[in-house]
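Below: the structure, in structure tokens.
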Amino acid sequence: MFSQASNVTEEVVQHRSEAQHSSDCSSLAKLTEQLQATQGRYRELEEKLDYLQKSSAQRDRTEALLKQKDKDCAQLAKDCEALKAQATSLLGELNERQSCLEKSEHERKILEEKLCSKLKALQVAERELEQQRKQHHVAMDKLLLQTQSLEQALKTERHVVTEEKKKLTQLQHAYTCLFRDYDSKLKSEGGDLCGRLEEAERALALKQDLIDKLKEEVEQQKGSLETVPVLTAQAEIYKADFLAEREAREKLNQKKEELQDQLNQAMAEIEKIKQDAASRARIEQMKMRHMEDFPPRAPLPPPQGVFPGPAFNTVPPATSFRNQGLVPQEALLKLLAGLEADRADETGKAGDQTSEFGQQLPGPRLGVGMDCCVIPLRHGGLSLVQTTDFFYPLVEDPYMMGRIACANVLSDLYAMGITECDNMLMLLSVSQKMNDKDRERVMPLMIQGFRDAAEEGGTSVTGGQTVINPWIIVGGVASVVCQPNEFIMPDGAVPGDVLVLTKPLGTQVAVNAHQWLDQPERWNKIKLVVTKEEVKEAYQEAMFSMATLNRTAAGLMHKFQAHAATDVTGFGLLGHANNLAAQQRNEVAFVIHNLPIIAKMTAISKACGNLFNLVQGTSAETSGGLLVCLPREQAAKFCSEMKSQSSGAGGQGAAGGAWIIGIVEKGDRRARIIDKPRIIEVPPRGSQAANQDNSSTSPAPSPNLS
């Protein structure tokens, strides 16, 4: 467009110059002026052209913006429709929640009305009970007064009858004397016979009248005595009324308790409804905020633990956690059988490469079923020996509970003849029912007891795990890396060996008996066979026995060539003896003849109807002694050494540190207790019997063990 305008201008100038070439020079100046005007117009046209180009670019940008605006409007329309649908659904859900809330409010009102009616009925029942109690007291007072008056009258009548009988006897004696005098006088005095006879007859008549009167009085007294059975029957009637009234009162009390239970249930339901209503209200508030600005929901923070120390992790408890109790030994071994690679199915499948790799490592191996696992390591012919254990508190002292838990964990290592532990971890569950004050007082003491026992065993606690739980649970993990000559595999028992136990049995009975001191119903069953002082002494002995480490026995196992051992804990003496017998390479059987038991615990177990199965060997023990298989010639020396070392260290019971309890014979890898085992009463330390037995030696193998 610009080039065309330039060509037109040049042509116009040329034509005009040719047409007026012949004109005079005066017109040249005019043409020059016109040329200048044309150039100014040309510049104006160029400026307009630039402006039009800029306007065209701006128009293109405006059209692109308009198209984008149209797309945004369409997207906004779609978003508006989606928001309307979401708002409609939320409003429907809000209406539904509102109807549920109204229904809950209606149910709450109904429950409150029921609660009011139950309270009124309870008040009426209490008033009736109080009125009947007052009437009962009045009737009892009347009955007591009548009984006392009847007893007094009966005593008086009996006294009168006795006196009358005495008078009658005297009169009969006087009549006999008078008749004798009359006869003698009649024989001696014949002249005055008639006068005296008449006087005697008159006197006899008077005496006879007196006798008749006395007989009448006796008959009256007999009639009075006949009223005694009537009064007795009346007393029986009063007694029956009293018993019936007492039964009615007991029924009223029972009804009161039932009403109280119903009241508690109603209160619990009301509280639950209130909580549901509060949660629904929070949900509604959240939905209202969501309807206003649709903010994203923030995630809830996870709960924190109780002891977030430097080496203790904290995790929240599982909401579905329940106490399942102690799993039976056979069921437990069956469940855990699949965990051990050696006992997996022998189909030769190539799925378990870890098992194949583990089988290539040289060295002894021990898996599921015994106290510890023994795992060969890849370096230098070493083995990792590791164990874990935990349980619930069973003594009142938290410090001693921590020591018992540590001793219980280390006992698994000591049963392998290991005396040194490289590392320990502590497992601690804090009860969610404890308040802050109790938690701050109890838990540090339990941790301190665990740490002190670990230091006594020559190791330290380097970490652990702390969780929140409905119950307190305490335990730990013990690990050691050692050479094969530092531990004794529990599979070398041979026929002729002797079984030795290093701690007395009966800890569970002692702990339960101590708890029963505050439970009259339980205490009444055992108070005839044991005193409170004896129960307290047995409890102290059990607590210190459980807190004592089996480290001394572990060291002596190497000195006296022990063939196998296990510690006696939750499955009792017979359960762990069976487990140890099943582990043996040789076909042997364990026969137990003697049972060392804390004094009086056998009598308590029998008084409870054999509740604990103590003599049968299935009573649970905690941190019990080691059951050791020793050569016959070494058993007595082992017991003597245990006694001397335990006595020097404060004692493992006053009667000594170890007892020979049975023998190993050829058999079917099972254990049994003879029908009538010998009970060895172990007196608690510090008792009079223990002081008397301080100079006694450990029992040698009895003749019935051969």
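The backbone N, Cα and C atoms fix where each Cβ goes, and this holds for glycine too.
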Report summary line: Candidate ranges 112-142, 329-359, 360-390, 639-669; TrEMBL annotation coiled coil resolves to 112-142
Query raised in the report: Can you give the mean pLDDT for the coiled coil (197-276), rounded to a whole number?
Result: 75
**Report entry** Helix, strand and coil totals (DSSP H, G, I; E, B; other) for the domain 'PurM-like N-terminal' (369-474)
**Finding:** 38 helix, 33 strand, 35 coil
